[in-house]
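Visitor: Here's a structure for you.
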Amino acid sequence: MNIYRTHVCNELGVAHVGNEVALSGWVYRKRDHGGLLFVDLRDFYGITQLIFNESENPELFNRMATIGLESVITVRGIVAERSEDNVNASIETGHVEVKVSTLTVVSEAAPLPLHVPTSFSYPEDIRLQHRFLDLRCDKVKNSILLRSMVVSELRRAMEALGFIEVHTPILTSSSPEGARDYIVPSRTHAGKFYALPQAPQIFKQLLMVGGFDKYFQIAPCFRDEDSRADRSPGEFYQLDMEMSFVTQEDVFAAIEPVLYGLFAKFAGADKKVDRQFPRITYRDSMIRYGSDKPDLRNPLVISDVTEIFRNSGFRTFQAGVEAGEVVRAIPAPNTSGKPRSFFDDKIERAKEFGARGLGYVTYEADGTAKGPIAKFLSEDELARIRSAAGVGNGDSVFFMSDTADKAADFAGKIRELLGLELGLIEHDTFKFCWIVDFPYFKCEDGELDFCHNPFSMPQGEMEALEQQNPLDIIAYQYDIVCNGIEISSGAIRNHRLDVMYKAFSMVGYDEQTVNSKFGALVRAFKFGAPPHGGLAPGIDRIVMLLADAPNIREVICFPLNQTGEDLLMGAPSEVSPAHLQELSIALNIKRK
């Protein structure tokens, strides 16, 4: 027999009335009603109300009155039915209470640094220093429970599709995947270091070369990155998957039902899940949404109106177009009647984003075009703008002119701002999309580099690398975006060694360097590599979306703070000189 409890705190009901029970848990709330002390006892499963009667047992009553909230106690007593006017329908045990006869204090709590029921409203540093208390809050606990259920469902879905779970190494070698590595010094190989994997990229490709057909794992990934709302510094987890003998279409067909089913199961009754996964090219996404992570809940679509302004009378934009700039149009429905302050505010916000300014035209109820730049445009140009932007009478159009990348960024931010301010966002919906056809290369400071994953296959393979302008080459790379959050990246991999050597040579890596950095992959590709591809949905981001959490740290059990510190465990921390000497390490700290 369990000496601490016969039942858990969500278990008792009217069927147990008259039974003697034992319960253990934390003191959640206390209410003194003059001779009757009501205590809510909470455990992992729920809450049960306890009653201490001063007239029946004053010693027990007084002892309980002195016990602080969040202390752990064990009680024994008789289950009693509540009167009808005292029923609490908000808890599972709300029809009964326990009249306590014995009380044992298992662990008394010190004065609390935060109020557990509302811990999520406290400053983050206090919460993280006392995360063990924060986790007792239902809102926080439920996010962690949701994460557990999501992982379980993903594992079930992948196994049902015939995927095999394989755990790949945590200690490995450094690889260029776009972020800084966490490195681990080797004691037995002085001066050498392991790296924590940014992703199991090479290992899963080696599994495919090793003859495995479908692989997955719930993979920990480690990247020394700065924090964002949708990115936690340090580590994160992803559903890593790879398939052999597949095309891009096969990968899409495998993952779409998994993600739709997951969101449909856990979205909740108040959220809809759009079954469609529209495909948007990277180029179209940057033009139409100003981002490669578009939020399709926002119906506003940006238009390219560069050619309309090429020979227009609005000299500011015309000169920019002549210099190679572009002009983007952002529609603003039902705003022509807004006060001047509405438009001035958008201009100021654009400048805050870094733009030089923002033009606009309003189309009045009678069809008349007004606004600061309307007088510089012909009737034909105004009509073409109206058509391109998809607006009508009563609407307005904002204009952004700059280089293509800056215009996309600024226009995208104005689109997002208008969507929120005009109440256009479908907050009760999850909307997915694929972003496809990413550029294979990019040019920064005159140097060619990989745009995303260096291990992806260029569309056109060797012919593309040899005959096309490098900046025109498209990769078999793809992202999944949900509500403006990138939840997965993937690619069809480059399984041809000759194509791999050629691609790396174009960004400055000779064969010897490639062999040195990716020796395992190079050797494997010499012994029969199948075409393969995959992707890796981010579990933290998926749970953040499903939980409607304000940032990713809310769905991680023991997160680092925004500066990469573990306030609970005191990491990162200094190590002893003896430990450093054992690792053959001498510190040379840069002073800020």
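From the backbone N, Cα and C atoms, a Cβ is placed for every residue, glycine too.
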Visitor: Among Glu256, Glu486, Glu574, Glu582, which residue shares the ATP site with Arg223, Asp224, Glu225, Gly538, Ile539, Asp540, Arg541 according to Swiss-Prot?
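Guide: As annotated by Swiss-Prot, Arg223, Asp224, Glu225, Gly538, Ile539, Asp540, Arg541 share the ATP site with Glu486, chosen from Glu256, Glu486, Glu574, Glu582.
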Visitor: Out of 89-92, 137-140, 201-204, which range is noted as region 'Aspartate' by Swiss-Prot?
Guide: 201-204
Visitor: Using all protein chains in view, find how many other C-beta atoms are within 10 Å of the C-beta of Ile539 (ATP binding site).
Guide: 21
Visitor: Just jot down the residues in the same chain as Glu225 (ATP binding site), at least 6 apart in sequence, with C-beta under 8 A of its C-beta; none if empty.
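Guide: Listed in sequence order, they are Ala179, Arg180, Arg231, Pro233.
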Visitor: Just counting, how many other CB atoms are there within 10 A of the CB of Arg223 (L-aspartate binding site)?
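Guide: Summing over all protein chains shown, Arg223 (L-aspartate binding site) has 20 other Cβ atoms within 10 Å.
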Visitor: Quick one: Cα separation, Ile539 (ATP binding site) versus Arg223 (L-aspartate binding site), in Å?
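Guide: Pair distance, Cα basis, whole Å: 15 Å.
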Visitor: Just checking a number: largest C-alpha distance across Arg223, Asp224, Glu225, Glu486, Gly538, Ile539, Asp540, Arg541 for the ATP site, rounded to a whole Å.
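Guide: Roughly 19 Å, rounded to the nearest whole number.
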